[in-house]
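Trainee: These came from Swiss-Prot, pasted as-is:
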type: DOMAIN; residues: 11-89; note: domain 'RRM 1'
type: DOMAIN; residues: 99-175; note: domain 'RRM 2'
type: MOD_RES; residues: TYR140; note: phosphotyrosine
type: DOMAIN; residues: 191-268; note: domain 'RRM 3'
type: DOMAIN; residues: 294-370; note: domain 'RRM 4'
type: MOD_RES; residues: SER315; note: phosphoserine
type: MOD_RES; residues: LYS361; note: N6,N6-dimethyllysine
type: CROSSLNK; residues: LYS361; note: SUMO2 cross-link
type: MOD_RES; residues: TYR364; note: phosphotyrosine
type: MOD_RES; residues: ARG426; note: omega-N-methylarginine
type: MOD_RES; residues: ARG430; note: omega-N-methylarginine
type: MOD_RES; residues: ARG449; note: omega-N-methylarginine
type: MOD_RES; residues: ARG501; note: dimethylated arginine
type: MOD_RES; residues: ARG513; note: omega-N-methylarginine
type: DOMAIN; residues: 537-614; note: domain 'PABC'
Amino acid sequence: MNPSTPSYPTASLYVGDLHPDVTEAMLYEKFSPAGPILSIRICRDLITSGSSNYAYVNFQHTKDAEHALDTMNFDVIKGKPVRIMWSQRDPSLRKSGVGNIFVKNLDKSINNKALYDTVSAFGNILSCNVVCDENGSKGYGFVHFETHEAAERAIKKMNGMLLNGRKVFVGQFKSRKEREAELGARAKEFPNVYIKNFGEDMDDERLKDLFGKFGPALSVKVMTDESGKSKGFGFVSFERHEDAQKAVDEMNGKELNGKQIYVGRAQKKVERQTELKRTFEQMKQDRITRYQVVNLYVKNLDDGIDDERLRKAFSPFGTITSAKVMMEGGRSKGFGFVCFSSPEEATKAVTEMNGRIVATKPLYVALAQRKEERQAYLTNEYMQRMASVRAVPNQRAPPSGYFMTAVPQTQNHAAYYPPSQIARLRPSPRWTAQGARPHPFQNKPSAIRPGAPRVPFSTMRPASSQVPRVMSTQRVANTSTQTVGPRPAAAAAAAATPAVRTVPRYKYAAGVRNPQQHRNAQPQVTMQQLAVHVQGQETLTASRLASAPPQKQKQMLGERLFPLIQAMHPTLAGKITGMLLEIDNSELLYMLESPESLRSKVDEAVAVLQAHQAKEATQKAVNSATGVPTV
């Protein structure tokens, strides 16, 4: 880089080609020796929050930024050389093309630094970039000089020179629109003609005789394979465009040796690919437009439904052009597509079939969306959800096992809930009676589903110190009443309350339990800690459990669960205990206190084990009958 000071008064540097794992701390450690840094920002993707592989480093002084640009450009950070240039905030200057040159036919070994070192002698460089893909250099690059004069010097000296044994082309940078306009202008004055579909018996001489009548030809070539046999196409280069145009007009579509030949303007590979891409996109758009309102997406299909059954289910609503159940490994993926002949038929099918039970499952039927449309919709929905979350500061989503109140409670004052309400709101275990894992939000209150408003932790379930204590003697004596009303200790305390106090009423809606309506109306009940006592073992309280290390907590609960389960199912006690220990600790504490709740969960676990054993027995019987060895 020339010692001349750049014309940019800013002290901000653009740092590109970063490794995805590079952090602001790494960049600070790298650039701080150059001088005081005001800020560093790695630009990130809005959706994934992943690095966009470039950053801005803002120095306090311009001379420090220039020193970093001179000494640190192309230094390696996490195995990748970084590309540094002045930050240009004005997009019109970045895209003007002034001082920007294009270099092509570069050797694969030429990287950003090698190209930078080669062209730095011609002037002050703002940016130097060799275009690469996953396979390395694509053989061309761009160099942006500070001045137009420096770019002209580079073009004059470098165009046609040998670089690593290859002759490079260096020219003024042109935008895509300019290049396409030039190609279009040249296409109208074409001298070269492309001929195809003339068979294998054609050679250069015969092709020259065939097209020589239209005018003088500079060259004629029939393309051949390794054995010298014609590939069925070739080229003729005329001296004048008029002769080439005449050959195309007269020969295109004529029959030659029983075949209809094609004669047209010879195109470069890039032109042909662009034209084919444009044609394909047009066909794709036409197909999308045609099927946009007649193609239906059907999901939640029963495993036994195939293409024929899907067609039969939807055939009463109109003419079906196609019906397809998506498969993977010979098994249904649970969704498919049905295409009707008219929008009216498709609309009627959506109205009638959405929610209808076919086989054993209710169907979901809607108009099919393209992948891009669906991704755009989901992205928009995600951004709206994130915006609503950011609008409520200092709030987090409650973890599984915490319950949200419909009305915020008075600070430091928690309401008392009967055990029956707690039991209904407790999280389900990770296994069910059918042996399937439930959805993470299955059976949860609607208030804590994804997308619902979030609340501070201060409004969550009451602290353990406020849960009424029930001694083991009371628990045994009042087993039959514990799941239908307040616990005896709380009931006795409430009975001793003066009659002038109003007993609070609760309103339970949508599975969400509410706090008491008025603080003054709450009975003055002294809450004590929940205690669980098992014969021959030390009393286990919630605070004692919480103070133990996480790995010790399950052990403490397991030691108290095992003897209780062993009394019910001596042979399966070990397996059942292991299954129950997957449940949340607060649920396990409640189960230790409530024999009914424990027995219910034990019965579910036994049902799961029996179903699993029956399945294994059936599989063994099938394997024995078919001669397949059992593992």
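Cβ atoms here come from the backbone N, Cα and C positions, even for glycine.
Since this is a predicted model, take the numbers as computed values, not measurements.
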Trainee: Find the shortest Cα-Cα separation between TYR140 (phosphotyrosine) and the modified residues SER315, LYS361, TYR364, and name the residue that gives it.
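Mentor: Going through SER315, LYS361, TYR364 one by one, the closest to TYR140 (phosphotyrosine) is TYR364.
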Trainee: So how many of the residues in the domain 'RRM 1' (11-89) end up helix, strand or coil by DSSP?
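Mentor: The counts are 22 helix, 30 strand, 27 coil.
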Trainee: On the DSSP side of things, how many residues of the domain 'RRM 2' (99-175) fall into helix, strand and coil, could you say?
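Mentor: Per-class counts: 22 helix, 32 strand, 23 coil.
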Trainee: Measuring Cα to Cα, how many Å separate the residue listed as 'phosphoserine' from LYS361 (N6,N6-dimethyllysine)?
Mentor: 19
Trainee: Under a criterion of Cβ-Cβ distance under 8 Å and sequence separation of at least 6, what residues of the same chain contact TYR364 (phosphotyrosine)?
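Mentor: Counting only residues 6 or more apart in sequence, the Cβ neighbours of TYR364 (phosphotyrosine) under 8 Å are VAL298, LYS299, ASN300, ASN354, GLY355.
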Trainee: By DSSP, how many residues in the domain 'RRM 3' (191-268) are helix, how many strand, and how many coil?
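Mentor: Going through the domain 'RRM 3' (191-268) residue by residue, I get 22 helix, 30 strand, 26 coil.
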